[in-house]
Amino acid sequence: SVGFKAGVKEYKLTYYTPEYETKDTDILAAFRVSPQPGVPPEEAGAAVAAESSTGTWTTVWTDGLTSLDRYKGRCYHIDPVPGEEDQYICYVAYPLDLFEEGSVTNMFTSIVGNVFGFKALRALRLEDLRIPPAYVKTFQGPPHGIQVERDKLNKYGRPLLGCTIKPKLGLSAKNYGRAVYECLRGGLDFTKDDENVNSQPFMRWRDRFLFCAEAIYKSQAETGEIKGHYLNATAGNXEEMIKRAVFARELGVPIVMHDYLTGGFTANTSLASYCRDNGLLLHIHRAMHAVIDRQKNHGIHFRVLAKALRMSGGDHIHSGTVVGKLEGERNITLGFVDLLRDDYIEKDRSRGIFFTQDWVSLPGVLPVASGGIHVWHMRALVEIFGDDSVLQFGGGTLGHPWGNAPGAVANRVSLEACVQARNEGRDLAREGNEIVREACKWSPELAAACEVWKEIKFEFKEVDTLD
């Protein structure tokens, strides 16, 4: 007779191991599992562990040719989610040998590849990952990181200011460059290509790069400050993307940009590597993230996508505002902002952090607050995000009644006033509006901005909430 018993067997017999002690080298995952009616949580959790590691739906004779005990994922703990019927957090440990070194692509293919279409589950969400130091060390991470960026730009002790050029589509390269110049001349540190701006018929990429470089050099000469424009190198194939980054380097500009989810992790890691070797900073936009992270019970939480970006490489990444028009509940947002910036982050479920994460000196990423923010939000942004952040006002700069440069002036004055007040020990949460009003006396540009945006609010209930 054959040396194994054929047929379908329950996953939990092999893959549910509550007695397992996790290793320091394991990758740990926290999944929010919603089983189909009648499927016990142990079976559902074990199924997730199996299908995202060594398992298949039946016993196969080739199982005997390897050591399942060495390579299988294990569901080692299950917690019911409070307030939800039949929903569980299942913790899974994966042996490090299952993953290719330095490949975010392979890590995701394994952990979230097949299992999300699994019939025994109604829904599945990856809430958090613990990346062990042994695996972190196989990644180069951000091209430069927060400290090196500050040194390159010679800007310290305050958040950096940006602005997305609008209208995002339709401007000619010359007019686009003019808008860039006005914003930088007015006092911003950076301007930004919109994520949709690649190389369209109305503005080919090379023309845009040239006019933006001219704007950067002119504004630098006039202000004595280092300026940058995020030139979007995202393209239809990776060779073209690198070609655009090479051209940016030849122009001598400080920073390029990439849409890391639509472009893909493989392309992103290649670009990050090029940027490191050639002294370019890399700004990352998260277009498409909400498709993946918006549903509470299915998909991947953004904190996982943020960790993945830090491994793949990027110096800035968009991370919500807490205020403004885009999603972000304060504690949760600050949780993944710290995961981006800090070297060591303690487990803290009140901030949505399921595991203690040690980045072992991988460079940090600057979070970018962008989307529906204006001068009245400045006090909150400075208080929430602190100095290591980029605050991006698109409409909040270009929508100024007097034009782009005065819009930039208003934002810079508002920022400097808030930072100075904070440094003097004043309470931004309580006195913030007063601080901005005082600054209006010295800046007619700020006064005009405060008047325009005094009534605007985006009031909707948060979607991304804690249990």
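Placed from the backbone N, Cα and C atoms, the Cβ positions cover glycine too.
Cross-referencing SER53, SER219, SER370, SER389 with the substrate binding residues that Swiss-Prot gives (ASN114, THR164, LYS168, ARG286, HIS318) picks out SER370.
The Cβ centroid of LYS192, ASP194, GLU195 marks the Mg(2+) site; residues of that chain outside this set whose Cβ lies within 8 Å of it are THR164, ILE165, LYS168, ASP193, ASN196, VAL197, TYR230, ASN232, MET257, HIS285, given in sequence order. Classification of ASN114 (substrate binding site) by DSSP places it in coil, neither helical nor stranded.
With respect to their backbone Cα atoms, HIS285 (active site, proton acceptor) and ASP194 (Mg(2+) binding site) stand 9 Å from each other.
Closest in space to ARG286 (substrate binding site), of the recorded positions given as LYS166, ASP194, GLU195, is GLU195, taking the CA atom of each residue.
For the binding-site residues given as LYS168, LYS192, ARG286, HIS318, the lowest number of other CB atoms within 10 Å of the residue's CB is seen at LYS168. Counting only same-chain residues at least 6 apart in sequence, those with a Cβ under 8 Å from the Cβ of LYS166 (active site, proton acceptor) are ASP194, GLY394, GLY395, LEU398. Among the binding-site residues ASP194, GLU195, the residue whose Cβ has the fewest other Cβ atoms within 10 Å is ASP194.
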